[in-house]
Amino acid sequence: MGKTTPETRRAPFILITGVPGSGKTTLADALAARIDARRLDVGALCAAEGFHGAYVEAMDTHELREDALLDRMEEVLCEREAHGEACVVDYHSCELFPERWFDLVVALTLVEHTSELYERLEARGYGEKKIRENVECDIFQVVVEEAKDSYETVWVRSNATLDDMENTVEEIARWVESRT
């Protein structure tokens, strides 16, 4: 199996990251449609291909079989690269992915709109502890700092409103168009 790198890609690979409830999937779907890119929802891939391990009650989540996930993602991304396709990936974490996979990382935040994040997580049925942990994670910019520590090109964008999302999609689309 080959390895995908920025030097061999004809179209960009973009990672959208942020805490749960930050609007990653909605923005990634809109962006993929706007720039005619393929989508890779890492959470859905984990569920579909059994990359979740044992349930960890204290964390209210499942362990992740990282090696198996990374191997499978490499295959998928190499396939996209071979077809010259742009790819938009979304996941709530970013530090586990190799830097060479992405040309741009966009970290979404609602740090100035914590009540909106709270409401989104509550609507998903998250428990109070998990809501608090995710809101605190966003307030302290944990995902943003992970992205900045792991990747060269990171954009941090607020995603509290539909206007925020549309502006971010258009900004990324202009960036993609400037590369061609």
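Glycine is treated like the rest: Cβ placed from N, Cα and C.
What TrEMBL says about a protein is an automatic prediction, not a curated fact.
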Correct range for region 'NMPbind' (source TrEMBL, candidates 41-64, 89-112): 41-64
Same-site ATP binder from Arg72, Arg80, Arg124, given that TrEMBL records Gly21, Gly23, Lys24, Thr25, Thr26: Arg124
Range among 123-133, 145-155 that TrEMBL annotates as region 'LID': 123-133
CB-centroid shell, 8 A cutoff, ATP site Gly21, Gly23, Lys24, Thr25, Thr26, Arg124, site residues removed: Gly18, Pro20, Ser22, Leu27, Arg120
Residues in the region 'NMPbind' (41-64) grouped by DSSP into helix, strand and remaining coil: 11 helix, 10 strand, 3 coil
Taken over the region 'NMPbind' (41-64), the model's mean pLDDT: 83
